[in-house]
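Engineer: First the structure, then my questions, so here it is.
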Amino acid sequence: MRIEVDTAAIAANVRALAARAATPVCGVVKADGYGHGAVASARAMLDGGAAMLGVVDLAEALRLRAAGIDAPILAWLHGPGVDFSLAARHGVEVAVSSIAQLEAAAAAGAVIHLKLDTGLGRNGIARGDRAAAIARAIALAAGGARIRGAMSHLAGTSRDADLAQVRDFASALAEAEPLGLELRHLASSAAAIALPEARFDLVRIGMAAYGVDPSGPGAGDGSEAAALGLRPAMRASAAFVDGVAEVGLDDGLLPAVGAPVLLGGELAHVAAVGACSIRVEPPRTGDGVLWGDPAAGEPSADAWARAARTITYEVVTRMGAAGRGAGVVAAGPETAPRRVLELGLDGEPRRLVGELVGVKRVEPGLGVSYGGEYVTTSATTLALVGLGYADGVTRSATGRPAVVGGDGAHPIRGRVAMDQVVLDVGDRPARVGDPVVLEHASAPELTGMIGPRVAVEVAGSVADADAMELLGERIGAALRAGDAVLLIGPLGAGKTTLTRGIGRALGARGTVQSPTFVIARTHRTAAGPDLQHVDAYRLGDEAELDDLDLDLDGAITVAEWGAPLEHALESWLRVEIDRGEADGDDESPRSVRLRGHGPGWDAARVRSLTAPVPTEEAP
Ligand SMILES: *Cc1c(COP(=O)(O)O)cnc(C)c1O
């Protein structure tokens, strides 16, 4: 699978859209630039005249800053652990969706936009909280807080419903008059193109900038985008052998049976989509274009969306990220909501784990998410989860159950968005930060794909000491110089047993045994780097760590009770071992969890530690 991105098309699209809307543009590059690559897309949008960039979370914003982009950036969705002082320090503006976020962002000195819910029922300050939020903002501004803008987002249910949102937004702006707001913004691509009343001071343009008609796949031939003067920026292709290419559902491909593929100068059609492969008829061999530029005779991404009964947004966002192999390192809680795909030790998906990023009471009759397909029937509590189709929750997941806080399961309500889904939890208590779990068993289509913002954790049960040593061997086989493995778990959990397996894989000389009495023991290995086996239990501070004189760059370090080493490392693999209920029995199963931290342990590398369980018919 190969993704090519025409950044000149993105720049030209932004230029055309800015001229059409006659309004400054905020170029939206969330979810890795809708699969096109965030940094390259951001640069192209700025080239095309964008005045600002829009992202979902601080992690995305800081990645743009790290790439040297110094344009204004706005981030509008924050997890419960967000540290707004990072926003202030890096000059990232933040939109706040609750009074609590407003207080925190103001205290941190960040530049603030109020994000108001005017009828989307998703992110944003609820109507019922609006007056109090605006009053509080006015008080904070009087005390020096920097409140620069207000924004809302349209549901696109109908022209009339959008105009009702425009009026509601305008009335909120009237209330906020004393704030002297500089940037008032409501429209995304669709309204920027077709609803002048919604344009205000800034239009936030995502999909149209990538050359896709925001109003849907249309006739499936890309003609609507072309009529708007837009050029698609993404070309997806794959190598086919006898009609089969090795790209499938696990890569984010949607089950688009019937979609066209340009192969050998002629159109073939998708006959089947499997986990790791796709088959077209007739079965030709060669480079096939899945979608590209219809003006050049290639199929359109719209055609894939039609065949998969979804919108083109999902096609490019999922496939682009997967096809570009975007190995983004998952962000920490201070910059992004929790997004974790948990795999079993055999590599099978178990569940997708997120958290509540917003909880609000709303009125009856409120449409939820785009198109307002779910409408609240009474006063209720809506809970917002920071996972969307960019993270693997495919749009067909509406209605699937999500478990909040370990008990009640609630169906996903309304359409799945790129970064968010909404649950209606009724009158049950729910709090920002509550964990949310989508079980693979109840929604197998959700969790095959790993979105680029999603961390991978491997978890499972290890039957006995032999199995623990085998797991150690598997980990050891993947290690290289400079790696660190931190083992966390109670006495007798099996940390030394696991290390013995690592030692065996590395060909370590001497006997691997508990390092408790020596604190650190170095084993030469057959050919590779040394294995340093450390007991960090009594390491008090960094000075004591320094005294050990470990070679953290040249050797492989395995530290039991390893948590204190985190401060000295950029990347590490954390292995948590738990004895579970069956305390005291040395041969009882252990539960194990593998978690990567830092650039050295991205999702793909953590995933590489899994191995399929051998079956009878395996070759
Ligand atoms: C994604 C998003 C946009 C851009 O939407 P497009 O339809 O892709 O133009 C604008 N504003 C907000 C708040 C968004 O989440």
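Using the three backbone atoms N, Cα and C, a Cβ is placed for every residue, glycine included.
Quick paste of what TrEMBL says about this protein:
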- 581-590: compositional bias 'Basic and acidic residues' (COMPBIAS)
- 349-459: domain 'Alanine racemase C-terminal' (DOMAIN)
- LYS30: N6-(pyridoxal phosphate)lysine (MOD_RES)
- 581-619: region 'Disordered' (REGION)
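Looking at the shown structure, what environment does each listed feature sit in?
Structural biologist: Under the DSSP three-state reduction, LYS30 (N6-(pyridoxal phosphate)lysine) is assigned to helix.
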Engineer: Could you tell me how many residues in the domain 'Alanine racemase C-terminal' (349-459) are helical, how many are strand and how many are coil under DSSP?
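Structural biologist: Once the DSSP states are binned, the domain 'Alanine racemase C-terminal' (349-459) shows 12 helix, 49 strand, 50 coil.
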Engineer: Using a Cβ cut-off under 8 Å and a sequence separation of 6 or more, which residues in the same chain sit near LYS30 (N6-(pyridoxal phosphate)lysine)?
Structural biologist: ALA38, GLY54, VAL55, VAL56, GLU60, GLY206, ALA390, MET418, ASP419
Engineer: If you average pLDDT over the domain 'Alanine racemase C-terminal' (349-459), what do you get?
Structural biologist: 90
